[in-house]
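Everything on this sheet refers to the single structure shown next.
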Amino acid sequence: MKTKLSLADDRQNLGWLLGAVVFVAAPHVFNLAPIVMAYFGLLAVWFFAALYFKFSLPGKALLFLLTLGGAGIVLMTYHRVWGQEAGSSLFIVGLGLKLLETKSQRDAYLLAYLAIFVALTQYLFSQSIPMAGYTLIAVILLVAAMIGLNSNNAFPAKARLTLAIQMVTQAMPLMLLLFVFFPRIQGPLWELPDDSHAAKTGLVDTISLGSFNHLALSQETAFRVDFGADLPPAKMRYWRGPVFWFTNGDKWTLLPTMPILSGTEPRLNGGFHSYLITIEPHQQRWVFALDLPDSIPDELEKTTDYQLLAKTDITERKQYRLSSGTVYTTGPLNNRETKRALQLPPNIGSRLQTLVKGWKEENPSPKSLVDRALRYFREEKFYYTLNPPLLHDNPVETFLFVTRRGFCEHFATSFVILMRIGGVPARVVTGYQGGQWNSVGRFLEVKQADAHAWAEVWLPESGWTRVDPTAAVAPERIEHGVDVETQVAFGEIRFNLMGDLAASRGLGFRNLSRRARMIAASIDHGWNSWVLAYGTENQGRFFQWLGVFDWRMIAAWVSNGLIFSLLAVAWFILPKRSANNDPAKRIYQKFLKKIADHGVIPHIGEGPVHFSERVVKNKPELAKSVKCITQLYVRIRYEPFHDANDLNTLAGMVKRLPKPRHYLFPPFKG
């Protein structure tokens, strides 16, 4: 194996390596800063020009300056050199720099190993099935490039890829064994600081009129839910999120701190459901449980607002097993909670106060005020729309008396203000409502377009009670849910009037398209549930199913699995010894039979070359034929490539090998 590489002599191998490296880095175009990827592209183009157009590679001094420049770009872009994006950028820059100093086989191998590590960094940004397939192809290309480096151009492109695919396939059993049995570690192997500019999707920590409109046109998945038994009816699918108490008249904000529930739990009276929820990363701590959550796992907390919180921000896909009851009553309010639930902005208009005063004169009971406000929304020609007019001064009063066009947050926040004016404790709850049933995968998928806001009022007889004023204006929104696809397509409110099950049936193009999306979502959900969610809890549950309860038994399983994997690999790697499976060997057996007729047979363990030398020594008249046959056979059997006609040539040579002469009497030697 040569140690030095030449740009001219090793152009094919280095070209393969360059292509594989660029293929590995390509997806980071969507993840990292453009200037970082442009710098990597410049370094790759430089190496390409040196490889094919005789440009000079940089010397040590220039390479040092390029290294400082790359580190400076990363530092100026991210203000640090560690973290998800900054760290990945540093590896990308290092990959490009390593290209320019590849002058030996050792450099080339180090470059390939670094590229494999860079391929792994793709999973910091996406762990989808397409990304898994992409990185698998990247590894195959890198292995193919290393095969070329190790064989001095003996393998053409197709053979390199074939051998690389075989090698990666042979490694699969061991990979699966390690994936299943290797101890799972809680959290990442190293702590990555939060990227300050990481995109936050979904709900936000403030509400202003119009803040939900952008979500109504988003098909991004918020979470998926697997129910163990019956699916709750659409009108009961409220997924509880942040609860808002304070308002300045223009926007609503959360409590500065979220106190954890430590006192009396609410009483659940019915509508019990157990389920597994798979939440997409949204860079917040919020976990959206079916209203109202009951039992929760240890890694979650429940606030005094009955909202579930993770211990840290959800920056990767998470699964939780939860249970809820949709029929419930809560306890009394303390003085602090009552004060919060009656807080009003300073600019409440006289028209609002006069309106509520008239309702109280009719019937001052809290329940009557709730019913009267809902009747007001039903009777006064309010409209549920994605495109409400902008509201500036006194937005609640302008909405209730002038525009009367709004989205869910318009109705929820205005209703809470009306209740507080009437002396009824109230607050705004946000989350999601509804969800689309996937009849293929048998799970409920909740999209960002299902984001919703509703009100809660405190009534003496039932405690905190959900009231959804949107249902008074657009009952279809609650009863049937949002038709996300057509709503996004047309940019206006569309409801799923057909229902979840009916919408997934039929032969029309739209229904076929919907079903195709359901199949894709089911595959993605299965990948998330069975592969990405295979953590400590699921691994422990799998071990229990196997009857494995301690690490000695696990070690035995791993040992047996390792032996099985090695045997499986050996089955692929070791050549088949049967002559029936090798046409060249079948022809050579005929050759040995003919030579045996001449009185020479191979010794045990004697190779073709040594045997031919002995035949030539004993039968010099056969020397030319035996040498040619042996050389051709060795080339066919042991060299990577040979001519397609070599087998026919070998068969013809063996056929023309002269047979021994048999005499009745020995020939006379004069």
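Placement of Cβ uses the backbone N, Cα and C atoms for every residue, glycine included.
TrEMBL annotations: computationally assigned, not manually curated.
Taken from TrEMBL, the feature transmembrane segment covers 12-30 (among others). Using a Cβ-Cβ cut-off under 8 Å and counting only residues 6 or more beyond its ends in the same chain, the transmembrane segment (12-30) has close neighbours at 5, 37, 40, 44, 47-48, 51-52, 88, 92, 95, 99, 102, 108, 111-112, 115-116, 118-119, 121-122, 125-126, 131, 134, 137-138, 141-142, 144-145, 148-149, 153, 160.
Residues annotated as transmembrane segment in TrEMBL: 62-79 (among others). Sequence-distant contacts of the transmembrane segment (62-79), counting only residues of its own chain at least 6 positions beyond either end whose CB sits under 8 Å from a CB of the stretch, comprise 33, 35-36, 39, 43, 85-86, 89-90, 93-94, 96-97, 100-101, 195.
If you look up TrEMBL, you'll see 108-125 (among others) marked as transmembrane segment.
For the transmembrane segment (131-149), the list of distant contacts is 10, 12-13, 16-17, 19-20, 23-24, 27, 105, 108-109, 112, 115-116, 119-120, 122-123, 155, 160-161, 163-165, 167-168: same-chain residues at least six beyond its ends, Cβ to Cβ under 8 Å. The transmembrane segment annotation in TrEMBL covers 131-149 (among others).
Residues or ranges marked as transmembrane segment by TrEMBL: 161-182 (among others).
According to TrEMBL, the domain 'Transglutaminase-like' annotation covers 400-471.
The feature transmembrane segment is assigned by TrEMBL to 554-574 (among others).
Helix, strand and coil counts under DSSP for the domain 'Transglutaminase-like' (400-471) come to 24 helix, 32 strand, 16 coil.
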